[in-house]
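First up is the structure itself, then whatever we jot down about it.
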Amino acid sequence: MVKGIQVAIDGPASAGKSTVAKLVAKRFGYIYCDTGAMYRSVTLAALERGIDLSQDDLVSELANQITITFAPGDPQKVFIDGHEVTQAIRSTEVAQHVSTVAAIPAVRSRMVELQRQIAQEGGIVMDGRDIGTTVLPDAPVKIFMVASAHERARRRFLDNQERGIDGGSIEELQRAIELRDQKDSTRAVSPLVKAADAYQLDTTHLTIEQVVDQIAGRIEKTLKQK
């Protein structure tokens with residue numbers, strides 16, 4: 001039996017990373033680790049406690065105090081200190097502030113530490129902004145997913161509709177996504193960049209199934225070489 005490998009999937013906001021990562025994990029019987037949900041959880045906890053997000057030390061202290069856990073489900077369930085926050089972390093307010101929290105060095109180092117612990121055994125699919133560059137730099141399969149800002153806004157809009165969330169129009173979502181891209185790619189700590197050895201996959205005109213098949217093909221090829 002070939003031991004499972006680490007699969008790193010990176011890319012900008014709303015590129016479809018989580019959806020694809022979950023399906024890839026399911027296909028191979030791997031664990032799925034939603035790193036974005038971890039940063040969203042810290043953001044939600046800070047907002048609920050009325051912590052000023054510009055106070056790096058207070059937010060970092062909180063990140064070290066709370067326990068973030070996952071449980072199987074569709075969608076995968078997320079808990080902060082035992083309380084389910086699966087829907088709450090997807091709110092527009094959390095989405096607007098998560099880049100600020102994720103840019104705090106001490107928060108990132110704490111999350112990276114937790115993510116590496118989860119990934120130690122292999123057989124894991126992890127998606128985020130800096131998995132292939134910072135969290136799992138030695139992952140044998142690295143994918144960098146991209147799509148046009150308009151297509152990502154359209155997908156987010158449909159996703160919001162499905163969840164019954166009023167997250168604004170496609171145009172408003174596109175502006176928010178472009179702002180998020182700029183924040184993510186220019187931050188000082190672990191900016192959003194493609195790892196030198198990552199495969200860039202433009203999903204603008206691909207179906208979810210086509211994206212999953214392409215990534216699965218790369219995993220199978222890597223497993224054969226082991």
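Cβ coordinates come from backbone N, Cα and C, glycine included.
In the three-state DSSP assignment, the secondary structure recorded for ALA13 (ATP binding site) is coil. Counting only residues at least six positions away in the same chain, the Cβ atoms of ARG152, ILE177, ARG180, ASP181, ASP184 sit under 8 Å from the Cβ of ALA13 (ATP binding site). The ATP binding site annotation in Swiss-Prot covers GLY11, PRO12, ALA13, SER14, ALA15, GLY16, LYS17, SER18, THR19.
Listed in sequence order, the residues of the same chain lying 6 or more apart from LYS17 (ATP binding site) and placing their CB within less than 8 Å of its CB are ILE9, ASP10, GLY11, GLY36, ASP127, GLY128, MET145. Within 10 Å of the C-beta of GLY11 (ATP binding site) we count 25 further C-beta atoms, all protein chains included. Within 10 Å of the C-beta of THR19 (ATP binding site) we count 16 further C-beta atoms, all protein chains included. Cβ-based neighbour count (10 Å, all protein chains) for ALA15 (ATP binding site) stands at 26.
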